[in-house]
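> According to Swiss-Prot, the protein has these features:
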- 50-326: region 'Disordered' (REGION)
- 109-241: compositional bias 'Basic and acidic residues' (COMPBIAS)
- 277-291: compositional bias 'Basic residues' (COMPBIAS)
- 292-304: compositional bias 'Basic and acidic residues' (COMPBIAS)
- 424-431: region 'G1' (REGION)
- 424-431, 470-474, 524-527: GTP binding site (BINDING)
- 449-453: region 'G2' (REGION)
- 470-473: region 'G3' (REGION)
- 524-527: region 'G4' (REGION)
Amino acid sequence: MTDETVKSLAEEIQTPVERLVQQFADAGIKKTVSDSVSQKEKETLLAWLNRDKESTSQPEKLTLQRKVRSTLSVPGTGGKNKSVAIEVRKKRTYVNRDAVEKAQAAEQAQREAEEKARREAEEKAQREAQEKAQREAEEKAKREAEEAKKKAEEKAKREAEEAKREAAELAKREAAEKDKVKQNEKPKADKADQEKARRIAEQAELKRKTEEAQRRKAEEEARIAAEKARRLAEENAEKWTSDTSSETEGTDYHVTTSRYARDAEDESDAEVEGGRGRGRAAKAPRPKKNNRHSEKADREEARAAGRSNKKGKGRKNSTLQQGFNKPAAAVNRDVVIGETISVADLANKMAVKGSEVIKTMMKMGAMATINQVLDQETAQLVAEEMGHKVILRRENELEEQVMNDRDTSDEMAVSRAPVVTIMGHVDHGKTSLLDYIRSTKVASGEAGGITQHIGAYHVKTDKGEITFLDTPGHAAFTSMRARGAQVTDIVVLVVAADDGVMPQTIEAIQHAKAANVPVVVAVNKIDKPEADPDRVKTELSQYGILPEDWGGETQFIHVSAKQGLGIDELLDAILLQAEVLELKAVKEGMASGVVIESYLDKGRGPVATILVREGTLNKGDIVLCGFEYGRIRAMRNELGKEVQSAGPSMPVEILGLSNVPSAGDEATVVRDEKKAREVALYRQGKFREVKLARQQKSKLENMFANMEEGKVSELNIVLKTDVQGTCEAITDALVKLSTDEVKLKIIGSGVGGITETDATLAAASDAIILGFNVRADASARRIIEQESVDLRYYSVIYSLIDEIKSAMSGMLEPEYKQEIMGLAEVRDVFKSPKFGAIAGCMVVEGNIKRNNPIRVLRDNVVIYEGELESLRRFKDDVNEVRNGMECGIGVKNYNDVRVGDMIEVFQVIEIKRSID
């Protein structure tokens, strides 16, 4: 081993080089930084350090003795007090915890080492046994193979000798025959020679084949013997492993014995309690129960029976006494569980108390109350834990029956118009582009020039029919934009040539990819001088949108919504993409579709915009939309004209539903209105039960959160909008504004005008009413004025979110910052009869002002914090002393001012906070 230097040794043990050199010197070894260190010198240094530690070590045990002497006056004989000397001795022993811990650690290490050695010995014995079994099996296989080979060789040798003997006899017979026909003609002799040669060749070939067959047979027997030996070795190894595992399993003996001991204890308890009852026959031994939840109840009943017999020992037993025999075994029931069930109902079905179910759930790690609703999986686990059989029931059988009882046409699917969604960033010209196609002015009618709900339009062009969905581009309408991507066939991504790719553009690409919908890019505002289409292509290529001229699959069309440039090319690209997709739908039969948008009209009631997917929607049909149902009383297209029917890819507004459906719900035409009502009510109840079942359980982290709820400010809001989709978008945007200090709570939201109920709710809960494109009626305005409720109207979502954000910022607690104004050094201390100790100071930094909070610093440590009571300069009271001047300072309620102290004057500044 090569020696290392002092420097490298210091780096290795992570200690300063100078300290290591000094330690070598203390140990009697003179070294420099570059000198080498041998192993012997290292050991010498280590011994010196250990001896040094031992010399300075503390004693392991310390005993303290204390004596307390006192006198006690006690009354004596003759009325005189007598003094008695009392001595109290106390002895206390203190043990060094480090020594005890070291001893325990040493014992633990010794036990671990013994356990490790035992395990290693067992593993070694197991390995040796396995190797021994394997060697024996291999030797046995080798012996069998050699014996088989030897037998095969002997057999082949015998057969070869027999063949040789037969050949000799044959040659002898041929020689005799040859002598017989020696006098025959020469042609006959030639023929005999040929025959002889042929027979010899056949015999040689036969001999070769025989030897080959014998060799193959010997090899096969050897292979079979080796395989047999290998299997025998594996069986021995498995047997050894199973024996070892059975020995290991033997350590769980205490589990089973404890169970048997518990059963025996139950039986002995029953016998003892039964023996207490006078006049009662001996109780037969009870068979072992298979339900562990009834053991405690059995013991309690046995004790109760013993107590009752003990109380009535003097009472004569009646011959007509009604008896009750407790079931000998637990009753396992078939429990039918629906999608949701309360704890009380589950207990009734299992015929047990609700407290037993709650105990079982607590053992499983879940807290529950008697009225809490459980989901199907939780109820199944609880019932199976209590030993019952569970039968899961589907509660949507009626819904499936209604959906199956529909007239769907068996006709062939025909081509339908493509559903095209126009997506893009806000103000990139989506609605203006659709305007030019429809030759209308929709954008001018939008508040603030931005689209705030989905517009569905069916457009007939010279090239064909197209259904357009115009989605908002604002960030708050993410859910609406995602909903548009789910029902569409083609996405037209509008990107402004002068603005490029923006956040909502990226989001639209993600929605289109998630829905697996092809994209056609419309580069808008191409007529502007600062337009840069190549920049748009480059930015979109980073997100997987490659143009066709770059080798991609996406069509890029340059358009101008103002001048109408490229509109025909865009329509051609859309219809070309639709032909590639081969969009088809069944035109006849009961219709089905999707709710695009819904709102509450004051004169017409609930109105829903439905995009038909297949079938034909007729006036008078019974429609089931999510939680709502109804018969179609009227049907209008996007232009407001009455229509009698609508085919696939047609958007229509329908009237006649029971309430406003949620946007995105499936709309299905059914046969029976009564069954449709039952399905709608079932869905409402199921939604409520599932919502209750998903309530947060009581966990430790929630307890702390609930404890701090009182410190959180709340802003209550009642929100009313014109359409359902806008209500969802604004709700999501407002909820995201909540912080840990200010919580925004939407206590009521809906579609339609602000009613008297909304105003009463806001007044009772101290809430703000927000109206988005809606107004309050006369009765609501009267209550709002009487109760002084804050009512605000909005038509653009930007201003709504900004004002709510500023209101929440006002509810935040301000931050307080301390600003140091001046610093004075104490040069001398004077005594004043009025103020006590007066510090004669020199202002070294800033200014000193009267009545400001101060800190007294001694050696840069704060020793007092209070208020400046007196500030004088040459016996005159002053309000301020500037830098470089002398002054006298009196600190309120503090007299321990010393020369050299620093007096720091500061002020507290309040800083308003805002929500980002």
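Positions of Cβ are set from backbone N, Cα and C atoms, glycine also.
Since the structure is predicted, the reported quantities are computational estimates derived from the model, not experimental observations.
Are these features on the surface or tucked inside, and what touches them?
Shown for the region 'G1' (424-431): DSSP residue counts in helix, strand and coil, namely 2 helix, 1 strand, 5 coil.
Counting same-chain residues at least six beyond the ends of the region 'G4' (524-527), those with a Cβ under 8 angstroms from any Cβ of the stretch are 424, 428-429, 433, 494-499, 533, 558-563, 565-566.
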> If you draw a 10 Å sphere around the Cβ of Gly424 (GTP binding site), how many other Cβ atoms fall inside it, taking every protein chain shown into account?
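Neighbour count, Cβ to Cβ under the 10 Å cut-off: 27.
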> Please give me the CB contact count at 10 A for Asp427 (GTP binding site), counting all chains in the structure.
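Around Asp427 (GTP binding site), other Cβ atoms within 10 Å: 16.
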> Suppose we draw a 10 Å sphere around the Cβ of Lys430 (GTP binding site). How many other Cβ atoms does it contain, all chains included?
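There are 28 of them.
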> Need the DSSP three-state call for Ile526 (GTP binding site) to compare against my parser.
coil
> Do you know the mean pLDDT across the region 'G3' (470-473)?
62
> Applying a 10 Å Cβ distance cut-off over all chains shown, what neighbour count does Ile526 (GTP binding site) have?
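I get 22 for this one.
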